[in-house]
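What TrEMBL says about this protein:
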- 18-166: domain 'TNase-like' (DOMAIN)
- 193-328: domain 'TNase-like' (DOMAIN)
- 341-496: domain 'TNase-like' (DOMAIN)
- 666-724: domain 'Tudor' (DOMAIN)
- 817-839: region 'Disordered' (REGION)
- 824-839: compositional bias 'Polar residues' (COMPBIAS)
- 972-992: region 'Disordered' (REGION)
Amino acid sequence: MASSAQSGGPSGGPAVPTVQRGIVKMVLSGCAIIVRGQPRGGPPPERQINLSNIRAGNLARRAAATQPDGKDTPDEPWAFPAREFLRKKLIGKEVCFTIENKTQQGREYGLIYLGKDTNGENIAESLVADGLAARREGVRANTPEQNRLAECEEQAKAAKKGMWSEGSGAHTIRDLKYTIENPRHFVDSHHQKPVNAIIEHVRDGSVVRALLLPDYYLVTVMLSGIKCPTFRREADGSETPEPFAAEAKFFTESRLLQRDVQIILESCHNQNILGTILHPNGNITELLLKEGFARCVDWSIAVYTRGAEKLRAAERFAKERRLRIWRDYVAPTANLDQKDKQFVAKVMQVLNADAIVVKLNSGDYKTIHLSSIRPPRLEGENTQDKNKKLRPLYDIPYMFEAREFLRKKLIGKKVNVTVDYIRPASPATETIPAFSERTCATVTIGGINIAEALVSKGLATVIRYRQDDDQRSSHYDELLAAEARAIKNGKGLHSKKEVPIHRVADISGDTQKAKQFLPFLQRAGRSEAVVEYVFSGSRLKLYLPKETCLITFLLAGIECPRGARNLPGLVQEGEPFSEEATLFTKELVLQREVWAHYEEQPVEEVMPVLEEKERSASYKPVFVTEITDDLHFYVQDVETGTQLEKLMENMRNDITSHPPVEGSYAPRRGDFCIAKFVDGEWYRARVEKVESPTKVHVFYIDYGNREILPPSRLGTLPPAFSTRALPAQATEYAFAFIQVPQDEDARTDAVDSVVRDIQNTQCLLNVEHLSAGCPHVTLQFADSKGDVGLGLVKEGLVMVEVRKEKQFQKVVRAMPRKPPAIASQGTGDRTSSQRGSGDPTTLLLLLGKDNGFGFVGFKKKKKKLITSQINWLRVWLRMQLQTRAESFPAPMPPCDRLKSAARPGMERVSPTFLPPPLSLPFQHAAPESRATSQCHLRARKHRATTPLPGCLESPQGLELAKCCPIQVSALGSPSLPSNRTREPRCRTAVQD
């Protein structure tokens, strides 16, 4: 407290009282005030000063709560006017005072002057002059001050002022009302209109005691929407202030205590009146927040009539500057960039009543949870139950309505997302399940807050937080207000009506029910539906609102790759491009309203074909590397052969210098890798299937063949040798204008013929037309220019495919329409590729798949084919061939069954027709032409063959007419052309 001492007069004279200065904080009565000093780093010191030589009436006092029998003391006459006289003259003003006397109890008496020195107005004289105070009796001192007081009192008496006026002064006694029977009714009766009041006491920064005028209600008012630090009362009765509690109290006292204000009574909470105090210099509520002396509270901010957003903005101002109670504040999104805090995204899916999936401009997907709201849930449901089972949204009251509200309003539309906070991941406990990290945000579309709209319709509730929990929506107050409106209007979850029930039949996993339900859907023809889920690109789950059922729906005419599936004890990996197909379908139809049409009709295969124009023959040289079992083949472009050789050489050098660590590579379906072939060399490959930890199916992308390998023979493909450096060299094609036989045996014959003719050879290729699987081409021999497909037709191994395109008619007509027949008897004037009438006594020597021998008899009318394996004939024939031929392979294993093309009219021959083993002579015959039907010793693992012509005759007259050249397997593997890289193929020699 500021003070200035004035020295005495001449030496030995009386001492002059010290003049001190201060600011009037409060007027206790008509003759007592409290002055304070200037604040320096905290609340300043205070002193109570009583006016000397005068007496004013005592103000009313309420009986102490500890004295049940005590009575309230009313005002004395003219006591309140005296107090008001001093309050209006002194509050907040600077005064100077001198202390004349100090009692043993510490009470100080003195003179008070308005202003900075004693030349100002004497407060005691002013009170006496207005008749609001009288000179204290018993004072007989003859001093200038006493003389002036006596003069003032005489003037007041003469003028009949104040207490000297006529009457008892009862009109100056207030009828104070300390309690209110019905505070809520009292608040509502004022209709939120400003009420004049005087702040009589400040308990803490946000709670005051106010005297409402003119009815003299003495009420406690809590500032709406905020809370300041308080003083905790200890067990011994002392008070311990919270951090910044004293500072907040002083801030309010210095601005409101005993000031004339206006109060808006806004609500009543637990008998406590909530209101807003308006001062001519500003709103104390907003000032406390802006200075960091208070924080917003959710339970009362909704009733703040001046705009809750102003309070949030003031609090945010203090948080950003870390003022006082926010000195350690860290924003929930402090670690986010601005572009991650606010962005525009497209809604792709509604996960729940409070969660959506959005697609960012970058193409990434992000799950967004609506801030500070809770979706509907079953009454009595334990949210902390770790083992609770998920229930369909149709079983939870108002969950379906909430989901539908979001779906209709948001799906496929762009929204504005403002991230409010990120809730960190929490581990699982014994009762609470684990939660992943959640991004909580405010989502708006067209200026409408989606969360607020949900809450206002009663389809969600607002989460209540701890007072110190700052992770909440930036529009939390609007959410609370919306919930209050929904409760008042009885909407949704707050309605007293019966809960809506949705009975939905889920037949998506029940085959029997689906079959029973299908005719009903077919009769309906076309039905409205909502796509609930996308299993794959062509497999969906639909919800039919009219039929109130869930069905599994397959797109007719197409089939997309299957995705990964979790099977018992096994995770089945997805097929290539399954995720892309599923994502494509999701973006198109997920949670959108569609029309479903149910018809069982033949699915027509649609194949893109070239435009109808003149057929163009542009043959290019290729190298055939692989023939598949369905008569497709893989070729390499001769022009890129040098590049492939160079890449393979560099890759093997790199692998030699940096060999892969065995077991370090984890194969995944669709990945490119390197695979170690049986020849010990590494080749580029692609993983097609992971059958087990020890079996991996790979496809050699430069050669077209497949193999099953252990992971130890696989490695990571170096980036320098990926398909970006050189695309896969093996290209798949199919023969044009021919029909692949459906019969397995007939198709095997055709494949064997193609393998013998073009495997590992250079040919000429021309693309004829495109197809859904691969391009269809014609293939010619490089030397003779003969058409490979035409040769297959002439041999009777395949049929001609009917093509209606005009440009292909010339090629199709040039092909024979009927395949040649097989000879039935040895007349010598027909080839073995011509059909005969068939003779039961005629035998045909055929060789089985595993190089065994069998005899087949012909009969016209019978269609059955039965083979008889004759091991002794095999042994005898090998002995004869070894004596007459230049070379022959090692002994061949017996065959299990005949693997030759079945011809109509074949039947089993009686063993009595078989010749003795040693009576069959061997004779050479001229080699047959390419078109002649041939029997082969099939060694499907050993593609190369060596021709050995021969003819057998029986002395009993049983004849094998013009037997075809017998081709036997050769040991080893053929060498490839020098300008191509060796093909990685499994070549295993025939073992004895």
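Placement of Cβ uses the backbone N, Cα and C atoms for every residue, glycine included.
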Which whole-number mean pLDDT does the model give the domain 'TNase-like' (18-166)?
90
Secondary structure content, the domain 'Tudor' (666-724) (per DSSP, counts of residues):
6 helix, 29 strand, 24 coil
DSSP helix, strand and coil counts for the domain 'TNase-like' (18-166)?
38 helix, 46 strand, 65 coil
Counting by DSSP, what is the helix, strand and coil composition of the domain 'TNase-like' (193-328)?
40 helix, 54 strand, 42 coil
